[in-house]
């Protein structure tokens, strides 16, 4: 049967005749009719208005935006307008049609005159192909049909999936490298000299971990913890961090090439967004005047100050989490439940990580509103400019929300807490947490593992279940009861459009930010995969598993659970590319800092080459890190404890006069030893060296891989040449005549 083609459907409640809403609705529909739109009304539990644009609109669009040399003045050309272009043009006109009360569709929707406006998912061949090849779980590892996605959802969505597919494909290499690092750690760590010394240290008495009721403890109790730490913290990690810095650059460079290929095949390489917007404005209203560029330093200053205030708040929340961990640690150690008091440190870290996840969920909502508010203050000129401004702000806020507590664990934990007899305290009462004698990197590992696993599993389940459940609920609520037929009454033939429009209306609504959310989620995940990857080499593997599922989940959501997105044109992934490049630079700095400051890599190297037995005597057979643990622990005399510290001086029937703690301090006056400053200098030197080498390698990689492939450059070159040649021959012909 020949279905009527409708571009858009407007939905409204049934208002009383003569009510204000009904008058406003009529005014808006009259404006559309004046522009030559065909409107069809269907009544059900709501009023549905199908809208079809007149052909001359698309002809104007083609006239304004095709190449001058291919402009044929015949009217049959308009039949070739793709569906995505039709929807985009109609959407623009609907959004920018002004009623006599100077109200646009946006204002009418706020006033509940209209409830929804959406393009239709139609039964097209391309939709069936996408459902079969893309939007189902069975095709998990097949290549995505990017061309079909573009023909159905427009270039912007197609580019998102092309980018996500490319990122996922390159993650395979990062995941393998991460696995290799962990495997190397797992085979090497059991024979590591440092963890062996911790496991054998039966007589090393350590200072208590809290002020009340805590006794001394023996270093060898933490044997397993030390083994796990050395599985993550070894020489392989340094190489892996270097590899990931290069990987991040190569990924972006290769993506630029891939993008150039894709966009050229779509004939969008020289496309200009501004020109497109001006053309649409003129088609909608030929008297339209463009809005000029403006910049106000006053506005920018206010936005900057407010953004900095927001970042301060986010850092404050990270501080609150630190305080929670210190207090929780003190309370758990003093609790009567043996399970809690025994594993107080691990329980404090785990609950802290879960709390951090909860703050991430809550603050994401807050960040969203703050970023939107700041965007409105800036008064951006166009929609795309607004989107870019919003992107930068929300990314900054989300970055601090996600990373501030990780930054604390990586670089401050155990470095600002003083020493026995002179601890730094919160409110003069609770001691700050300390690092484990075998290093802080395991704390960072636990925190990252908890956040990544929770974020990916819970977020994905919610992301899929919420649309699914709300779709089912809408279906139940919206279905009208069938009238029972009276005797002799004939059933009316139902309008074929009605069922289709209702089905589309029952799907979940999409908004401008639907695609934005997907980008943001993946970009934050990309930060986790690159920035602190030295502490959590399994991050790329988790990201890979997540993305394979994510691609198909997004596909199913877009095809089956959501109304059709308004297709938008795009020739790249926009400002996200700059965001990814910034993350790449942060990754070099972050990993350099993790190896220099968090991990024990530098202190062990300094010990090996300056203080170990190998330096004093020429032993070739001996492991040079022998004696490292004893060397890294300082001595504390018990009589110097603070007065309110209650410690039982008895330990295993022995009187104890001194205990050990992790630091490089003198035994008599507790000042730093020379070795502390040696290590400090070595850390700085390594950091500077690592960052400069990594950044140089990044620059070399960026230069080595051209952004645009030769094939694409040559294609553009020959096109320019042939266009100029045609113009020349036309000019010669006209002068001859």
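Positions of Cβ are set from backbone N, Cα and C atoms, glycine also.
Predicted automatically and left uncurated, TrEMBL annotations should be read as such.
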Range annotated as transmembrane segment - as stated in TrEMBL, picked from 680-705, 706-731: 680-705
Candidate ranges 259-287, 346-374, 433-461 [criterion: TrEMBL lists as transmembrane segment]: 346-374
TrEMBL annotation of transmembrane segment - which of the ranges 493-522, 523-552, 613-642 it falls on: 523-552
TrEMBL annotation of transmembrane segment - which of the ranges 216-235, 236-255 it falls on: 236-255
Intrachain neighbours beyond the transmembrane segment (346-374), with Cβ under 8 angstroms and 6 or more residues off its ends: 303, 306-307, 310, 314, 317, 321, 324-325, 328-329, 332, 340, 389-390, 393-394, 397-398, 401-402, 405, 433, 443, 446-447, 450-451, 454-455, 458
Interface-richest range of 157-186, 394-413, 573-597, 680-705 toward the transmembrane segment (301-326), CB pairs under 8 Å: 394-413
Within the predicted model, mean pLDDT of the domain 'Anoctamin dimerisation' (83-146): 89
